[in-house]
Amino acid sequence: MSIFPKISLRLEVERYLKEGFMNKEVVSALGKQEAERRFETLLNHLSHPPSFTTVRVNTHLASVQHVKNLLLDELQKQFNGLSVPILQHPDLQDVLLIPIIGPRRNIKKQQCEAVVGAQCGNAVLRGAHVYIPGIVSASKFMKAGDVISVYSDIKGKCKKGAKEFDGTKVFLGNGISELSRKEIFSGLPELKGIGIRMTEPIYLSPSFDNVLPNYLFLQNLPSAVVTHVLDPQPGEKILDLCAAPGGKTTHIAALMHDQGEVIALDKISNKVEKIKQNALLLGLNSIKAFCFDGTKALKLDMVKDAEGKPPFLRESFDRILLDAPCSGMGQRPNMACSWTLKEVTSYQPLQRKLFTVAVELLKPGGVLVYSTCTITLAENEEQVAWALATFPCLQLQPQEPQIGGEGMMGAGLSSEQLKQLQRFDPSVVPVRDTDIASLGDARIEDMIWLANKDCIGFFIAKFIKRKST
């Protein structure tokens, strides 16, 4: 059952999304009422966290069973002896699933309050503690050691340093303050650690702050599916065109047993540093990360670059992952999005530029995987229809493993083509409560089914390049 209102969007954005989800093809197949019900269910899901926390095991350094045992010990400590199961995904052997307990409706609200920014609030709902930069407001007399009720300022209206806030706020649970109000708002920029340690979150989810950092990577389920669909092989040369923060890059290298070459590009330098840090932490040596704009990654002259740096010659890569910059409308939880329609619709041209470069850089017989963490038709199925019309050398491929649903109607793709896509759409299951008692009675197959369905909104398409462009 829902505990939060549906995601708050600008009216123009909600209308735009609704038009996509209630296009003529969908309405004629499902009927207007069912199409509308699914759309409203989706908006409701977006404001709530997924049913499971997903972690990927770094199989380059440890076995899944070994990491699972270490993690069980860690959860026992975090949850004060509460027994929460850890499931290994049957189709993604390197993925572990931890059910999220909640929403817990009987948490007593405290007089002393802190308000955090929306992004910080979303992280708390996925198991994080509250870090000092995320705190926007705190009660006048708040001291270190006080029990605090934490709220999320979902619309971004609270002024930094306020002593109270009566605007729209959502209760996230209780925690213990590590600092006084005075210390938090002292203006010292170096204050970056935990400000409030969450002790009674409304959704009980493990904190992965510095937990087994060499062995685990916190990742949404579909993000782990993507790399398995790409199916990288040892010895290949692979390009991750928009790679930060490196979750998929490091997954590619691990699946290749760190044999071959993985080139990771991102145009923001501190994000590239993050990729390098993650590669180092996970003990992966086959990754080379460059600060470079993916739209300019194709070398236009034929002079070979000896150093293996971007830009690259045509047909240089065996496989390419284009996890494209997108509107991110599938991310969960997200209680409010203040973006304008112009911002939401601004990604399609950029995605096409990157896609065009990817096709040029791919060897004949090579594989190109396109993915987004958004739900819009324009950034997903419409891009597939455009790609197939623009590049006759591309052929849509069936995906393995197939865990998401098929693609959405409305972009003129055939039913055969839609079956070859994966669209992760959480609206196929109702928003539900999970408690310890219900976990004890649940069958493993049912829990895996729920984890596959109730995740973030996501999209994957896989192409093969038939002949030279």
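Glycine is treated like the rest: Cβ placed from N, Cα and C.
According to TrEMBL, the feature active site, nucleophile maps to C373. The feature S-adenosyl-L-methionine binding site is assigned by TrEMBL to C242, A243, A244, P245, G246, G247, K248, D266, D293, D323. Taken from TrEMBL, the feature domain 'SAM-dependent MTase RsmB/NOP-type' applies to 141-466.
The two recorded residues, A244 (S-adenosyl-L-methionine binding site) and C373 (active site, nucleophile), have Cα atoms 14 Å apart. A mean pLDDT of 96 is what the model gives for the domain 'SAM-dependent MTase RsmB/NOP-type' (141-466). For the pair D293 (S-adenosyl-L-methionine binding site) and the residue listed as 'active site, nucleophile', the C-alpha distance works out to 20 angstrom. When the Cα atoms are compared, K248 (S-adenosyl-L-methionine binding site) and C373 (active site, nucleophile) turn out to be 13 Å apart. All protein chains included, A244 (S-adenosyl-L-methionine binding site) registers 22 other Cβ atoms within 10 Å of its own Cβ. Looking at the residues that bind S-adenosyl-L-methionine per the record, C242, A243, A244, P245, G246, G247, K248, D266, D293, D323, the two CA atoms farthest apart are separated by 19 Å.
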